[in-house]
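Quick one: structure below, then a few questions.
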């Protein structure tokens, strides 16, 4: 679908459809009032007759309104004006896209971007409208033989801004929104792929294709098991021992700043393409969803795609830590003691706490890049789901300014995170009688002790950890990957690149 931005009054728009808002109780938005005035009260008369209350999600499609050049006007209920927040704004946009498609509109001029959303400017409203529209239209049917094509006639959406001064920021918002939406789609597509297709080799092939598409300043290196062995990544290797699929670590390097002192930001994604739990095997119910255990790597891939598409003037490295945790005659066992790349030893008490065993070696590996900051993204703990549910990502960090940056980016993007502590008292739960540490610390504070485990391998740089176990995918009827936290990390990198969304 094509997006553009313009500035103009509604009475001068000649389009298939104009979209305007109506508030509760039957209150016209300023743009709707203009249309009502030129139509001699036609719209307000309909509202007085009870055709539309203005409640969230209500719609009313008007045809051939007197004195209006456009063929149709779509009235969208926006709820109470003072209560219109970010979440409700996105829901209104989603309802708009679905209604326009259902009613056969091929193009529309949308004035909803002129609604007042507290604390949000036109750049934010246009960008969120683009991202929400693309999210609404997303489907994953690549593997279906009988594809039922949904009715999607909508081809063009024009967002209106109040004055010509906002056109530049509106165009930038569309550019950024499309790049972020493409990154989210890429992450969702990877996450939704079945594990018999999407293994570590598949992740590596996608990373190579990304480098081919942006060969100007993106290179990809794939590190196999033999090289990992030479590097001393025994913890990472142990996790994949039970699988017939080779563990592969894909390193994507984007160079947007040629300055010698421009240190990179490193993103590390957990890429367990299937997690059976290993010898500590998971229950069969819901095990199919363990294909989503690579959503951290999928998100990093999506972010790298966004960065390359926008050619941000920063250096970013993305690492996809591909692996598969399976039971078998060669699988690692509870009771094993592993020597990590850092030299520290780990006693394995549970083979289903494997993500941290992969990540700890990758976090040591990335020291060679002398990073500005390292952020790992992982579907790491069920404990984080218990703590924060399915709406907010868990954040831990060893550097307060980095944590504050990520929280700010989460608020800007609407892809929210909440910081959890990393106190020394939690480290005591990882004590082992036979190694430097155990790979689990018991049930209390499980998300935090997992973060504490990782923190032992991040002492040489500023680091943050995003636990997306509760936010990376949805279960039930709407089962599927969400693409989070691509939007959060994209905003973080946009801020680092100087695009903070201010007009």
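Each residue, glycine too, has its Cβ placed from N, Cα and C.
Remember, it's a predicted structure, so these values are computed and weren't measured experimentally.
Here's the feature list from Swiss-Prot:
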BINDING   270, 275, 293, 354  Mn(2+) 2 binding site
BINDING   275, 352, 354  Mn(2+) 1 binding site
ACT_SITE  282  active site
ACT_SITE  356  active site
Of 270, 282, 356, which of the recorded positions has the most Cβ neighbours inside 10 Å?
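Of the recorded positions 270, 282, 356, the most buried by Cβ count within 10 Å is 270.
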Among the binding-site residues 275, 352, 354, point out the residue whose Cβ has the most other Cβ atoms within 10 Å, with all shown protein chains included in the count.
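Answer by Cβ density within 10 Å: 354.
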Just to verify a number: CA distance, residue 270 (Mn(2+) 2 binding site) to residue 356 (active site), in angstrom, no decimals.
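Checking the Cα atoms of residue 270 (Mn(2+) 2 binding site) and residue 356 (active site) gives a distance of 9 Å.
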Which secondary structure state does DSSP assign to residue 282 (active site), in the simple three-class scheme?
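The three-state answer is coil.
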Which of the binding-site residues 275, 293, 354 has its Cα nearest to the Cα of residue 282 (active site)?
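Nearest listed residue in space: 275.
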Taking only same-chain residues 6+ apart in sequence, whose CB is under 8 Å from that of residue 293 (Mn(2+) 2 binding site), what do you get?
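Long-range Cβ contacts: 270, 272, 273, 274, 275, 325, 355, 379.
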Which are the residues of the chain, 275, 352, 354 excluded, whose CB is within 8 A of where the CB atoms of the Mn(2+) 1 site average out, their centroid?
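Counting only non-site residues, the set is 239, 272, 276, 277, 278, 280, 282, 290, 293, 325, 351, 353, 355.
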How would DSSP class residue 270 (Mn(2+) 2 binding site) in three states?
strand
With H, G and I counted as helix, E and B as strand and the rest as coil, say where DSSP puts residue 356 (active site).
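DSSP call for residue 356 (active site): helix.
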According to DSSP, folded down to helix, strand and coil, what is residue 275 (Mn(2+) 2 binding site)?
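In three-state terms, residue 275 (Mn(2+) 2 binding site) counts as strand.
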